[in-house]
Amino acid sequence: LQVFDDEGKNVTPHPLFQPDPSTAVPRQGKLYFILKDLGDPESAQHSKDLSVLTAFISPLLIESRKGVSCSRGFTDAQGRQEEAEEALTEAELEQRVDICLAETDTLWMLDVPPALLSTEAEEALRVLERNKIYMEICSSKSGSDYFEEKMVQTLSGAAKTKEVQCETITMEEKGMMVTPWDLDDSLDASETELPSRAEESTSEEHGQTGSVPSARESAVPARSQEEKECHSAAILTSENLQQDLVVMERILMENIFQPKLAVYRQIPVLRDPDVTPDTDVEEAKEEEHDKEKKDEEEQKETSFKPSVLPDLDKSPAEGAAPRLELLWSYRCDLTNGHSVSSMAWNKVNPDLLAVGYREFVSQDEKKGLACCWSLKNPMWPERIFRCEHGVTALDFSLASPNLLAVGMCSGRVAIYDVRSRNDAALMDSSASLNKHTGPVWQLRWVEQDRDATGGDKKEKLMCISGDGRMTEWFVQQRLDCSDLMKIKRTEGAKKKLPGEKGRKSGAPICQQAAGMCFDFHPEDTDIYLAGTEEGHIHRCSCSGKEQILGTYRGHKGPVYKVAWNPCSTDMFLSCSADWSILLWHRDSHTPLLTFTSATAFVHDITWAPKSAFIFAAVNERRVEIWDLSVSIFHPVLCCAASPKGDLTSILFAPNTECLLVGDACGEVGVWQLHDLAAPSTNQV
């Protein structure tokens, strides 16, 4: 008898006796019996053993001769043992029969689920209900990735009771606020109590009933008073206290200006929940209505008044007219009486604004200021740099955002570090032999290689001055410059009248024309525009022998500002003291359009950062917003100046629809633009 598995391996247990080698080997792959002739004397003993075996397994044998498979139970085989012995013949015993064994199904004889509570108990129904709820929860979570089904049986040990006798424990919560001043007072009190107790003990020894003051007791309060003063002074001058005050100041400013800052950043305004009772609702509404009326009256008095456009420019499809709303103003006591000369945003931190101030008293220039304002505190500047002369121009560096370049009326150029609280300049041009002798009307940090990335970016500081020089400054161990171009005066050709004889024109006193403004091309940093006091605009190149590539003649007065269009880089604007704004194309030496809406000097112009058609201009009387896609004859928004002073400069806020306007009283107003047309980046 041998047993083989499905893979053909012999898994038969080793017998306890060695079989006869002459015995035939059974065929592999199946379990079978070999039946020999019972009449053979050599196998007589084996026949007796096999006769008993065949009697038991004969009902289970598959009879190949008859083609019928019989499967009977063990009890039937035992009952028919005698019949099997009589039925088997010698031929049948000699025949080889194959027996195949198969595994039957598993039958559960007993399945007892774990039970922790008797079904006859009073709480049985409640436990069954909880089990039902638990099964519903498990079935609902069966599809989750975190669900894993396991069979667990928890056996709870027998409960034991233990009696302990003790007193009731009472608990009580107490709290107390202690400040450093309380600790200091308690320390002083302990110091004063010690001498008094010593005096009492000495007096008791001598039999004295009254207390006699001593020199030591009188000296203790004096010393403690001095210590208190020194301690309070140390607290007020400590860095931790100053830092805590700055944090507190930030929190207060956020609470005060939260609605206005939310409008500036174009985010929803947080409103306080209405928790007033029903009886006080009407009173609260009346108070709010009165406050709104007062705010509107103050707004009308101090704000700009938009003018009404001609009816021909309006169409019925248009909605509400554009308007300006004042959010807040950057002003303080230091800036009162100063004129805002220039403004510049930090190129990395858009919340930081630098403003330059200068002061005129009886035509004499006084000291100036350069202040750095932050949105976190619109009521006081973060940094204040006091300059010896009036500030005329300033700009932040892009490669080093902490550096602020400042130009002054005396021709001095200084660089300040806004990270430092010291108002002293890092570098100054006062020691330079090639410094300017006239006012620095404009300066700017210009990138040399705009395609470079990382640390390969380099900047150069460019300045234009009233001495007729365009200079490039080198920021090294000291501040020094070299002339990029000298602006020469040009004589305009005049037509001679009939019969008029030629006259010799007198030579000008100075051969150089004062430079007023400049602007580098937004794509090609080798090309820039330079406006002069004569009213001419030169298109110049930083490289090459011919520095002046062309001259644009159209203004009759000094050119105060030139600005390339950031979207359409072939167009640029210019404003002048001749009351006009001109739109130019770089390939045309005559202006394409002329904008004149008021008889006043146009001090400043600026393009909208995300539109090729919208620009803003400011003159002595009002602010104007022009949209060339709507009208080229009238501004879409025209607002009169405040009665406090004339307007001097204008600047768009980055990433928001706000406009900054500076005036001659040292105030910079932040105005929100409403109902303005959507910005467009199409070419003009």
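We count from 1, first residue shown onward.
In case you wondered, yes, glycine gets a Cβ from its N, Cα and C as well.
As written in TrEMBL, here are the features:
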type: REGION; residues: 1-22; note: region 'Disordered'
type: REGION; residues: 187-230; note: region 'Disordered'
type: COMPBIAS; residues: 194-207; note: compositional bias 'Basic and acidic residues'
type: REGION; residues: 272-317; note: region 'Disordered'
type: COMPBIAS; residues: 275-285; note: compositional bias 'Acidic residues'
type: COMPBIAS; residues: 286-303; note: compositional bias 'Basic and acidic residues'
type: REPEAT; residues: 552-594; note: repeat 'WD'
type: REPEAT; residues: 595-629; note: repeat 'WD'
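Residues belonging to the repeat 'WD' (595-629) score a mean pLDDT of 90 in the model. With a cut-off of 8 Å between Cβ atoms, the residues of this chain six or more beyond the repeat 'WD' (552-594) that come close are 492, 514, 516-523, 529-539, 600-607, 609-612, 615, 617, 619, 628, 632, 681-684.
Per DSSP, the secondary structure of the repeat 'WD' (595-629) breaks down as 0 helix, 19 strand, 16 coil. Sorting the repeat 'WD' (552-594) by DSSP state (H, G, I as helix; E, B as strand; all else coil) yields 0 helix, 21 strand, 22 coil.
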